Amino acid sequence: MAKINFGGVEEEVVTRQEFPIEKAREVLKDETIAVLGYGVQGPGQALNLKDNGFNVIVGQRKNSTTWDKAVKDGWVPGETLFEIEEAAQKGTIIQFLLSDAGQIAIWPTVKKALNPGDALYFSHGFGITYKERTGIIPPENVDVILVAPKGSGTSLRRMFLEGRGLNSSFAVFQDATEKAKDRVIALGIGVGSGYLFPTDFRKEVYSDLTGERGTLMGAIQGIFAAQYETLRENGHSPSEAFNETVEELTQSLMPLVAENGMDWMYANCSTTAQRGALDWWKKFRDATKPVFENLYEEVAAGREAQRSIDSNSQPDYRPKLEAELKELRESEMWKAGAEVRKLRPEK
Ligand SMILES: NC(=O)c1ccc[n+]([C@@H]2O[C@H](COP(=O)([O-])OP(=O)(O)OC[C@H]3O[C@@H](n4cnc5c(N)ncnc54)[C@H](O)[C@@H]3O)[C@@H](O)[C@H]2O)c1
Ligand SMILES: CC(C)(O)[C@@H](O)C(=O)O
Ligand SMILES: [Mg+2]
Ligand SMILES: [Mg+2]
């Protein structure tokens, strides 16, 4: 592990320098990695592992669109693509990448397929942390490990193909074989992570649920909507409101933040913009901090997990979700966005 000082706090992390892909291959050379679920993380992790030279099979429900997607991606029925139960039986490492609600439904099947010494792998601390709500309690004779890529499975795959890497956290919940740590780090490198930082299952799920409800997805849409509406109510055109709220951020300013940090992005804007941003950011922080505190409390109390289990376990959750996504897609702001995207010169 490399000791790195993150803004004055020392952390021990794993980089590809200390744990190169060759070492990961050596650690996992006798393993069959069964990736269960082929939604968003499943394809990203399974394809990256396969392209990195690991022995991978996929488990997915037959007669589903994701089974067809797996076939299209090159997984061969009966050879590298199986029903979930069969794949779980064949695997020595079971990557449990069904949706969190799907994991609850399929847990009895997976539990039966676990052999002593297998590793049960998650990409979320959800199932284990909220075990009273999920019923996922693994037997004591298997390793229970986690690699949680900090981003979409779509980005995990894209960044891998570009020779880049998405950072992931890792954790060991149960070490039955005394090989759990090597196994989890090797898998983290194998799925295409950038650097790996240690966590535990509880911290992973608390931070992940907070992040996606907060700045990564929920809060950002909320702030976009508030600013867009304010501009529109004051007579600005959709084009002006969308460019000033979203397009400039994603196309011009966030790439600068990604490259060299917020101060550098500020430094590449006018002194007028700098003055205003420096004056206003703390007001936005103070206005939103109570919402974030409330969000964290809801997560820590398990109420966010329960809400997600309740809604995602409904038989009609897909059409209901689609209706909510449609509401976003058909809002004026995102309809304007679709037109703005079409007008990008590179298109
Ligand atoms: N989506 C992401 O990019 C992302 C990022 C980090 C971590 N995670 C975590 O990874 C795990 C997988 O998430 P995902 O977003 O890839 O999942 P997903 O919602 O895309 O679903 C994955 C698969 O689960 C299957 N499935 C769902 N319910 C089922 C059931 N009852 N029986 C059989 N199969 C069922 C679906 O067919 C699908 O192939 C979750 O724990 C999630 O929190 C996801
Ligand atoms: C990609 C995210 C938001 O980071 C992940 O946590 C998820 O649940 O999809
Ligand atoms: Mg998440
Ligand atoms: Mg996440």
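One-based numbering along the chain as shown.
Any Cβ shown, glycine's included, is placed from N, Cα and C.
From a predicted model like this one, the values you see are computed outputs, not experimental measurements.
Among the features that TrEMBL reports, domain 'KARI N-terminal Rossmann' is placed at 9-199.
For 200-347, the entry in TrEMBL reads domain 'KARI C-terminal knotted'.
Annotation comment: TrEMBL describes Asp208, Glu212 as Mg(2+) 1 binding site. When other Cβ atoms within 10 Å of the Cβ of Glu212 (Mg(2+) 1 binding site) are tallied across all protein chains shown, the result is 12.
Annotated Mg(2+) 2 binding site per TrEMBL: Asp208, Glu244, Glu248, in sequence order. The secondary structure of Asp208 (Mg(2+) 1 binding site), as reduced to three states from DSSP, is helical. All chains included, 20 other C-beta atoms sit within 10 angstroms of the C-beta of Asp208 (Mg(2+) 1 binding site).
Here the Cβ of Ser270 (substrate binding site) has 9 other Cβ atoms within 10 Å, regardless of which shown protein chain they belong to. Among the features that TrEMBL reports, substrate binding site is placed at Ser270.
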Glu212 (Mg(2+) 1 binding site) to Glu248 (Mg(2+) 2 binding site) - Cα separation in whole Å: 22
Binding-site residues near ligand 4 among Asp208, Glu244, Glu248 (Cβ under 6 Å): Asp208
Counts by DSSP class (helix H/G/I, strand E/B, coil) across the domain 'KARI C-terminal knotted' (200-347): 122 helix, 0 strand, 26 coil
Integer mean pLDDT for the domain 'KARI N-terminal Rossmann' (9-199): 98
Residue from Glu244, Glu248, Ser270 whose C-alpha is spatially nearest that of Asp208 (Mg(2+) 1 binding site), among the binding-site residues: Glu248
